[in-house]
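A.B. asks: For reference, Swiss-Prot lists these features for the protein:
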type     : residues                                                                                   : note
BINDING  : THR26, GLY27, SER28, THR29, ASP79, GLY80, ALA81, ASP82, LYS92, GLY93, GLY94, GLY95, LYS119 : substrate binding site
ACT_SITE : GLU101                                                                                     : active site, proton acceptor
Amino acid sequence: MSEAKRLAAEKAIEYVEDGMIVGVGTGSTVAYFIDALARIQHRIKGAVSSSEQSTARLKQHGIEVIELNHSGNLSLYVDGADECDANKCLIKGGGAALTREKIIAEASERFICIIDPSKQVPVLGRFPLPVEVIPMARSLVARQIRDMTGGQPTWREGVVTDNGNQILDIHNLQITDPEKLERELNQLPGVVCVGLFARRRADVVIVGGEPPVVL
């Protein structure tokens, strides 16, 4: 699948225009995009990064990393996904960067999602849904999510997000109405961010292959 990821990332470079500040996500597919972006870094002003991991890779290539507070709205955000349905709704957060990813997606005019074919699903939920929570609320939120959804929350023990929070992964979901579930989970006290990208879903999905498929 690494070749499919690389091909999707290379295709996404076609959406980068001169003078842009590019929003950059997190994960193994995005790493290929950062490497490809390095080849045209003379054409862009810099990048807004969604994680310390991506920031390190961008700086390794000499790409200037700009704070979102200083960049204003972005024309383009490129990120991967853990799952993608036919409506371009996503599950994200396997890399625990979901909150910053959602912030940058919200600030961007166009959200390009790059995936390999294994990430395409008819119904979201086979991949456990990540939820970032305030540490003191972890057990409370887990109980409330279990009662609300029937899913099985597990604590991603040992993982601390870049924001200092913890992650619950919700197993055994079949998410037939992603927007509704995203809205309901966001209302629980202690929830920082839900790894459903349905209200702000991808505008374009690129599925890696020979040739890549643009949805």
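Cβ coordinates are placed from backbone N, Cα and C, and glycine is handled just like the others.
For the listed features, I'd like the structural context: burial, neighbours, distances.
C.D. replies: A sphere of 10 angstroms centred on the C-beta of LYS92 (substrate binding site) encloses 30 other C-beta atoms.
A 10 Å cutoff on Cβ-Cβ distances gives GLU101 (active site, proton acceptor) a total of 31 other Cβ atoms nearby, all chains included. In three-state terms derived from DSSP, GLU101 (active site, proton acceptor) belongs to a helical segment.
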A.B. asks: DSSP on ALA81 (substrate binding site), three-state: which is it?
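C.D. replies: For ALA81 (substrate binding site) - judged by DSSP and reduced to three states - the answer is coil.
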A.B. asks: Cβ-Cβ under 8 Å from GLY94 (substrate binding site), same chain, 6 or more residues apart: which ones?
C.D. replies: GLY27, ASP82, PHE127, PRO130
A.B. asks: Given the recorded substrate site (THR26, GLY27, SER28, THR29, ASP79, GLY80, ALA81, ASP82, LYS92, GLY93, GLY94, GLY95, LYS119), which additional residues of the same chain have their Cβ within 8 Å of the Cβ centre, ordered by sequence?
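C.D. replies: Close Cβ neighbours, site residues excluded: GLY25, VAL30.
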